[in-house]
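Pulled these from Swiss-Prot:
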- 118: chlorophyll a ChlzD2 binding site (BINDING)
- 130, 143: pheophytin a binding site (BINDING)
- 198: chlorophyll a PD2 binding site (BINDING)
- 215, 262: plastoquinone binding site (BINDING)
- 215, 269: Fe cation binding site (BINDING)
- 2: phosphothreonine (MOD_RES)
- 2: N-acetylthreonine (MOD_RES)
- 41-61: transmembrane segment (TRANSMEM)
- 125-141: transmembrane segment (TRANSMEM)
- 153-166: transmembrane segment (TRANSMEM)
- 208-228: transmembrane segment (TRANSMEM)
- 279-295: transmembrane segment (TRANSMEM)
């Protein structure tokens with residue numbers, strides 16, 4: 001019985017061992033088990049985006065031209081979201097909407113769901129790749145944990161937000177100008193810039209940029225000299241094995257500048273990890289809140305006083321009026337299927353209109 005069990009286990013492991021050996025072999029481009037998810041999904045997501053921006057119109061879903069074929073450029077081309085009438089359909093090529101007709105599938109916006117879902121799984125595959133490689137070379141998994149932040153933002157903006165709304169139609173289209181339009185939409189309909197989660201996201205991203213600049217400059221400033229060259233690249237050997245800069249000197253410098261400084265490298269680098277990752281996580285949470293139509297700060301007392309007193313105005317009340325203008329223009333332009341008609345007196349006016 002023992003011999004039979006042993007033989008069974010050996011046969012079971014043979015195929016797995018062969019695949020494991022091939023997938024995790026040391027090569028120029030590591031594949032790994034995560035690569036089985038990453039590479040196909042990344043290939044399909046990028047391929048779908050290039051196909052859509054090159055050939056596919058958004059006339060049937062948004063009433064827009066969105067491809068190079070129609071005269072768009074890199075900044076104005078996009079893979080647009082499906083029509084609002086299609087709600088949250090996965091828009092499978094073989095589904096009831098397209099019924100296997102590739103042209104019809106593209107016209108309906110099927111490429112958007114294709115790119116969004118493959119893109120999400122591709123990003124997850126890339127995070128798993130970092131986990132897998134870290135385990136292989138016996139590193140801690142903080143790279144993968146950090147990469148969870150942009151994944152959280154992508155999933156919240158492109159998937160969770162439209163799931164909370166009436167359909168994929170309200171997600172961002174995949175294009176530069178399309179993303180800008182989505183940002184304006186977020187401001188006009190959700191007052192996103194006054195949302196505390198957005199504030200935390202901005203603080204995280206800009207704070208991380210500041211930390212990165214300070215850290216890079218400090219390390220360059222405190223490098224040990226090991227050459228006679230006149231500049232950084234000639235004077236320092238990029239392959240020296242020992243410590244290359246002085247933490248003690250850096251600590252003394254910033255202690256004199258600010259009165260406080262990081263005392264060790266672990267705390268310093270953890271802080272550089274913590275600031276941007278937490279900021280992105282918080283902004284992702286904020287977008288989940290917007291999916292449920294949770295409101296940002298409302299200073300109603302200022303709105304009431306501004307309505308009663310023509311001479312009283314704050315930056316907040318001015319922004320509220322701007323948001324109303326955005327909504328009045330965008331609702332009719334953005335949602336032609338609703339046949340929204342606003343009286344002329346409620347539309348904002350300006351020199352360009």
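Just so you know, glycine gets a Cβ as well, placed from its N, Cα and C.
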Cβ pairs under 8 Å only, please: of the recorded stretches 41-61, 153-166, 208-228, 279-295, which one is richest in them relative to the transmembrane segment (125-141)?
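Between the candidates 41-61, 153-166, 208-228, 279-295, the best contact partner of the transmembrane segment (125-141) is 41-61.
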Which residues, sitting 6 or more apart from residue 262 (plastoquinone binding site) on the same chain, put a CB under 8 Å from its CB?
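Correct list: 251, 254, 268, 271.
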Sorry to bug you, but what's the C-alpha spacing from residue 130 (pheophytin a binding site) to the residue listed as 'chlorophyll a ChlzD2 binding site', rounded to the closest Å?
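Just about 18 Å between their Cα atoms.
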Would you kindly list the residues that approach the transmembrane segment (279-295) from elsewhere in its chain, counting only those six or more residues past its ends and only Cβ-Cβ distances under 8 Å?
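Counting only partners 6 or more residues beyond its ends, the transmembrane segment (279-295) has Cβ contacts under 8 Å with 148-150, 152-153, 155-157, 160-165, 186, 190-192, 195-198, 200-205, 207-208.
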Let me check the 10 A CB neighbour count of residue 198 (chlorophyll a PD2 binding site). How many other CB atoms are there?
22
Taking only the binding-site residues 130, 143, 198, which one has a CA atom nearest to the CA atom of residue 215 (plastoquinone binding site)?
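That would be 143, the closest of 130, 143, 198 to residue 215 (plastoquinone binding site).
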Given the binding-site residues 118, 215, 269, and counting only Cβ atoms in the protein chains shown, which has the most within 10 Å of its Cβ?
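Of 118, 215, 269, the one with the most crowded Cβ is 118.
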Report the nearest neighbour of residue 269 (Fe cation binding site) in space among the binding-site residues 130, 143, 198, comparing Cα positions.
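Closest by Cα: 143.
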So which one is it: of the binding-site residues 130, 143, which has the fewest other Cβ atoms within 10 Å?
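If we count Cβ atoms within 10 Å for the binding-site residues 130, 143, the smallest count is at 143.
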Kindly assign residue 262 (plastoquinone binding site) to one of the three DSSP-derived states: helix, strand or coil.
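Its secondary structure by DSSP: coil.
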What Cα-Cα separation, expressed in whole Å, is found between residue 130 (pheophytin a binding site) and residue 198 (chlorophyll a PD2 binding site)?
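Their Cα atoms are separated by 28 Å.
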Round to a whole number and give the Cα-to-Cα distance in Å for the pair residue 198 (chlorophyll a PD2 binding site) and residue 143 (pheophytin a binding site).
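Taking the Cα atoms only, residue 198 (chlorophyll a PD2 binding site) lies 24 Å from residue 143 (pheophytin a binding site).
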